[in-house]
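If you check TrEMBL, you get these features:
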- 26-145: domain 'FAD linked oxidase N-terminal' (DOMAIN)
- R158: active site (ACT_SITE)
- 208-331: domain 'UDP-N-acetylenolpyruvoylglucosamine reductase C-terminal' (DOMAIN)
- S231: active site, proton donor (ACT_SITE)
- E327: active site (ACT_SITE)
Amino acid sequence: MKRKISLKELHTFGLEVCATDYCAIHSEKQLREALPLTSPFFILGGGSNILFTKSFEGLVVHNQIKGIELVEENATNVWIRVGGGEVWHELVLWSIEQGYAGLENLSLIPGSVGAAPIQNIGAYGVELKDVFHHLEAIDLATGQTQFFSLEDCEFGYRDSIFKRAMKGKCLITRVILRLSKEPVFNTSYGAIQQILAATNAPVSIRAISDAIIQIRTQKLPDPKKIGNSGSFFKNPIIDKALCEKLQKKYPKMPVYPMGKEAKKLAAGWLIDQLGWKGYREGDAGVHTQQALVLVNYGKATGQEIWNLAQKIQASVWANFGVKLEAEVNIL
């Protein structure tokens, strides 16, 4: 246990904030020994999906449980058990080295493995739930190990039970994924197809991963250079009637189907249409290349970034009648 620790290097916005207490957890045994956790507490993973609006007056529990092991295998699939403290992108690279398919479209997503189910991370036509088998977690009230199946997790669009009924009640220690030895490539996004065509390379899990890394590197700022948390807002899901109304006014508006009665819009497009891309207030700003990304140019406070986010939400609501929800956790 450490006291009064700076969190600047432990989250990707790079804000000057501290925690009253800090504890790094490297094993299930160590976590059980730390229970009961003093209140208030916050579980930190890779720090890539959090905006601290002020210093945290409580205990930050940092999940650093490591390890990747093969637990089952057959002719077509492998099941791997991964520590919640592993870096997500490093797991993706490991899976590609082994020749296992399923994670390549999720390349370069920041954060930890333990945080991935909370958010049901997704990109370029693939979500975590597509490769998820089950997870292990420790109940923070009892210290007992809990198991959550795919159904138990209640995955939705950037959503799960861990954002709702189970929020703050457990710590995800291990995630079990089912990967494939027989890849089915998902190259439905035009940008991926363009890069693959330009390189003239045969389609493979590595080629897809390389293409996505190239796309994300071009579109998204490196947190080591400019503080950010990637996509700040979720892509909004609206009903069919509102979508049709907006499409009449904005025929070029990107729309993605979400079942029979709902449609998903591109939050970045909505924000960009209103002129927010590249906007700056002091050191809080909207990225010049991607309107969905809010940035800390150096000395912004979390509250200043959140104030800017709320202005963008109000602007989108006033102009489109669409509510933007933060994808990032606001503390």
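The backbone N, Cα and C atoms fix where each Cβ goes, glycine too.
Per DSSP, the secondary structure of the domain 'FAD linked oxidase N-terminal' (26-145) breaks down as 28 helix, 43 strand, 49 coil.
Secondary structure at the residue listed as 'active site, proton donor', taken from DSSP and collapsed to helix, strand or coil, is strand. According to DSSP, the secondary structure content of the domain 'UDP-N-acetylenolpyruvoylglucosamine reductase C-terminal' (208-331) in residues is 48 helix, 29 strand, 47 coil. You'll find the Cα of E327 (active site) roughly 8 Å from the Cα of R158 (active site). For the residue listed as 'active site, proton donor', the number of other Cβ atoms no farther than 10 Å from its own Cβ, over all displayed protein chains, is 21. Its Cβ taken as reference, R158 (active site) is surrounded by 18 other Cβ atoms within 10 Å in the chains shown.
Calculated from their C-alpha atoms, the gap between R158 (active site) and S231 (active site, proton donor) amounts to 11 Å. Note on the domain 'UDP-N-acetylenolpyruvoylglucosamine reductase C-terminal' (208-331): its mean pLDDT in the predicted model is 95.
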